[in-house]
Amino acid sequence: MPFNITSVKTSSNGVWQGDNPLNFAFPLLIVQTALIIAVSRFLAVLFKPLRQPKVIAEIVGGILLGPSALGRNMAYMDRIFPKWSMPILESVASIGLLFFLFLVGLELDLSSIRRSGKRAFGIAVAGITLPFIAGVGVAFVIRNTLYTAADKPGYAEFLVFMGVALSITAFPVLARILAELKLLTTQIGETAMAAAAFNDVAAWILLALAVALAGNGGEGGGEKKSPLVSLWVLLSGAGFVVFMLVVIRPGMKWVAKRGSPENDVVRESYVCLTLAGVMVSGFATDLIGIHSIFGAFVFGLTIPKDGEFGQRLIERIEDFVSGLLLPLYFATSGLKTDVAKIRGAESWGMLGLVVVTACAGKIVGTFVVAVMVKVPAREALTLGFLMNTKGLVELIVLNIGKEKKVLNDETFAILVLMALFTTFITTPTVMAIYKPARGTHRKLKDLSASQDSTKEELRILACLHGPANVSSLISLVESIRTTKILRLKLFVMHLMELTERSSSIIMVQRARKNGLPFVHRYRHGERHSNVIGGFEAYRQLGRVAVRPITAVSPLPTMHEDICHMADTKRVTMIILPFHKRWNADHGHSHHHQDGGGDGNVPENVGHGWRLVNQRVLKNAPCSVAVLVDRGLGSIEAQTLSLDGSNVVERVCVIFFGGPDDRESIELGGRMAEHPAVKVTVIRFLVRETLRSTAVTLRPAPSKGKEKNYAFLTTNVDPEKEKELDEGALEDFKSKWKEMVEYKEKEPNNIIEEILSIGQSKDFDLIVVGRGRIPSAEVAALAERQAEHPELGPIGDVLASSINHIIPSILVVQQHNKAHVEDITVSKIVSESSLSINGDTNV
């Protein structure tokens with residue numbers, strides 16, 4: 001049954017009345033959208049282990065749905081993607097493209113580009129000029145090889161389109177690749193992003209030129225128009241840009257200021273006004289004769305980058321645009337791409353020529369100029385491959401070229417495959433040639449060792465999720481800082497999850513600020529973030545060097561950023577926030593009369609953050625402390641230090657034995673040196689009944705691993721451990737005997753004794769070891785079902801939400817130099833000596 005767009009109805013009456021929904025516009029659009037999203041998401045999952053950007057999956061998905069693969073089945077094409085439906089699908093996809101280019105404009109900070117310096121500008125110019133010139137040369141060959149005399153496009157427009165296609169760098173895709181490789185906040189990442197931003201702006205200018213020239217018609221037919229038309233189009237486009245930046249930009253600053261009240265809620269009317277502005281700007285440039293996406297992009301540039309308005313605006317629309325509408329555009333591109341059009345050795349030779357020219361031009365141009373401005377050769381080569389990234393903007397150029405009949409089907413398919421190949425090779429190539437992207441770490445000495453050798457400087461890496469962690473971390477760090485340590489250097493790492501959302505990249509730009517990691521450089525008048533403001537005040541009040549850093553990463557690889565930073569900065573201890581946090585009104589003994597109540601229900605920031613902590617504990621190159629915050633640092637519960645900072649008043653250190661507990665008393669000793677901190681050390685002695693009956697630990701069944709504690713698999717010498725424990729205690733007493741209260745207990749029930757300490761109102765903070773090489777008392781708890789096994793048996797008991805514990809908990813793990821692996825265990829009692837092994841038949 002033949003169809004045309006004018007005779008198609010929007011919706012059907014349903015199958016019960018004899019209608020086929022696929023013969024109606026809206027039901028067919030639903031089916032097309034669902035199929036496109038399902039295929040692109042499936043491919044994204046397949047490509048994820050290869051660390052490829054999502055755009056690769058979407059481009060490949062579009063090609064597979066088109067005539068190159070599934071489209072070879074004509075029944076499928078006629079039913080799912082009939083010709084009459086394509087204008088509808090392309091119109092919906094174009095709306096998504098329009099708003100996505102608005103988001104791209106929001107990502108580009110023009111003031112940041114101006115501050116990027118001559119180095120980035122020089123690299124960008126070289127990265128555009130050489131491939132553009134090479135592209136012009138290739139264009140002559142392709143025009144004379146792949147075009148007939150009847151369909152040859154005009155020289156000018158074809159040369160410009162080919163030059164732009166080969167010289168462009170995809171700014172959003174490059175940002176995503178840099179983030180995946182942990183390079184976004186490095187020097188090379190800063191240079192690449194700045195150069196790509198220059199490149200992006202230049203590409204849009206060249207694209208506007210190409211569109212204006214293409215509007216003049218080609219040699220292959222069509223109505224000839226005066227060359228003055230192209231000139232008028234260009235002048236009108238330039239006038240539009242000037243008007244937007246001079247008139248509209250100040251207006252949008254006013255809108256952003258009015259639209260972001262103090263309660264952080266963006267007013268609906270201002271959001272609607274802005275979205276309408278996107279549509280009007282797109283219509284204006286289409287009216288001029290330049291593609292509508294150019295207007296949306298320029299309008300995005302007018303939105304202020306500081307403040308919350310732009311960020312909130314993106315959060316409102318990006319999921320719908322990037323997740324639903326944008327894949328439709330890739331699909332429409334794929335439906336136009338027929339790889340079968342590349343026939344014969346000559347055509348495949350043209351594909352090879354285009355790929356080699358694109359790669360060589362971009363890489364060589366970038367490399368030469370980067371070396372000239374004193375970038376190391378390895379980094380310069382890496383920059384060349386990074387700048388060779390293509391993506392959505394490349395497809396936009398190609399689709400406009402095909403729409404204007406500048407590119408025929410064969411040339412279009414060749415250039416799409418070129419874009420796909422150059423982007424696909426970026427990640428593996430950069431990982432191969434740029435060593436810092438591999439994430440290797442050195443192993444450092446633990447805190448106890450640093451007491452003897454580097455007492456003049458204590459380096460701490462304090463991680464936080466957001467403003468809620470600031471006061472507790474400052475309070476803890478202030479308690480560790482003493483007058484006897486000449487210098488404390490604090491690295492504050494704000495952990496931010498990298499998602500597929502565009503706003504993640506904007507967060508990175510804010511953090512980077514001209515390339516510096518989560519920076520302490522702010523433009524005049526810019527508001528300090530809530531996270532860093534507290535630490536900046538702390539730095540000014542005390543003798544503490546504070547260096548803010550940002551880690552923007554997917555949660556599965558966040559631990560790599562933390563461990564790498566600990567390695568790079570040679571820190572002695574990493575402090576991690578627990579994934580659960582109690583309300584401050586629950587937290588402290590001074591004001592809380594009951595451990596229960598609503599405050600006893602913790603706020604869970606997410607299981608993903610728990611996994612981050614577990615991976616850091618396993619891979620850290622130094623000692624690690626996990627802070628279970630129950631109101632530590634709240635004004636009501638704390639005492640001011642001499643410099644005005646909050647400090648923990650009363651600290652209890654629980655000691656059973658083992659390396660983690662030895663690290664705990666070392667930390668407790670440092671706290672005792674603070675004049676405002678009172679430290680109590682409670683040593684639990686092994687009961688007489690356990691001295692004659694040793695405990696052997698065996699691996700837990702795989703089914704229950706998440707509910708069992710992890711201990712070290714190295715063979716343990718009980719006598720050696722006992723000797724080390726006694727030595728550590730003697731050393732502790734000799735240094736801090738006059739500053740601490742020391743107690744010894746031999747409990748009948750270890751859990752009851754621990755809970756009595758935690759439920760008392762005597763302490764603000766309890767410090768315990770993780771207990772990976774446990775004493776007999778701690779090992780006896782191995783059969784207990786764990787709620788938080790990563791904290792060890794004692795830490796788990798104190799962190800449990802059902803035990804009504806009042807103080808905050810600090811669980812310490814000493815860095816293990818032996819590189820031994822942890823293994824989850826369950827407990828049995830035997831007559832053998834204490835051992836922890838991998839034998840399941842003990």
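Cβ coordinates come from backbone N, Cα and C, glycine included.
The model shown is predicted, which means the values in this text are computed figures rather than measured ones.
According to Swiss-Prot:
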type	residues	note
TRANSMEM	26-46	transmembrane segment
TRANSMEM	55-75	transmembrane segment
TRANSMEM	86-106	transmembrane segment
TRANSMEM	122-142	transmembrane segment
TRANSMEM	155-175	transmembrane segment
TRANSMEM	193-213	transmembrane segment
TRANSMEM	228-248	transmembrane segment
TRANSMEM	283-303	transmembrane segment
TRANSMEM	320-340	transmembrane segment
TRANSMEM	353-373	transmembrane segment
TRANSMEM	380-400	transmembrane segment
TRANSMEM	413-433	transmembrane segment
COMPBIAS	585-595	compositional bias 'Basic and acidic residues'
REGION	585-605	region 'Disordered'
Inset, instruction - Using a Cβ cut-off of under 8 Å, list the residues of the same chain at least 6 residues beyond the transmembrane segment (283-303) that approach it. - result: 94, 97-99, 101-108, 110, 204, 207-208, 211-212, 215, 229, 233, 236-237, 240-241, 244-245, 248-249, 252, 256, 274, 277, 309-310, 313, 396, 400
Legend entry - Recorded stretch, among 55-75, 193-213, 380-400, maximising Cβ pairs under 8 Å relative to the transmembrane segment (320-340): 55-75
Inset, instruction - Using a Cβ cut-off of under 8 Å, list the residues of the same chain at least 6 residues beyond the transmembrane segment (193-213) that approach it. - result: 104, 108-109, 112-113, 116-117, 120-121, 123-125, 127-128, 132, 154, 156-157, 160-161, 163-164, 167-171, 174-175, 178, 184, 230, 233-234, 237, 289-291, 294, 297, 366, 383, 387, 389, 393, 396-397, 400-401, 404, 406, 509, 512, 515
Legend entry - Among the ranges 55-75, 155-175, 228-248, the one whose Cβ pairs under 8 Å to the transmembrane segment (353-373) are most numerous: 155-175
Legend entry - Residue numbers, six or more beyond the limits of the transmembrane segment (26-46), whose CB comes under 8 Å of its CB atoms: 10-12, 54, 57-58, 60-62, 64-65, 80-82, 85, 88-89, 92, 323-324, 327-328, 330-331
Inset, instruction - Quickly jot the same-chain residues contacting the transmembrane segment (228-248) by Cβ under 8 Å, restricted to those at least six beyond its ends, or write none. - result: 208-209, 211-213, 215-216, 277, 281, 284-285, 288-290, 294-295, 298-299, 301-302
Inset, instruction - Might you confirm whether the transmembrane segment (413-433) is in contact with the transmembrane segment (55-75), defined here as three or more C-beta pairs under 8 A between residues 6 or more apart in sequence? - result: yes
Legend entry - Remote residues contacting the transmembrane segment (86-106) - C-beta distance under 8 A, at least 6 residues beyond either end: 5, 25, 29, 32-33, 171-172, 200, 275, 278-279, 282, 292-294, 296-303, 305, 310, 313-314, 317-318, 321-322, 324-326, 328-329, 331-332, 335, 392-393, 396, 502, 506
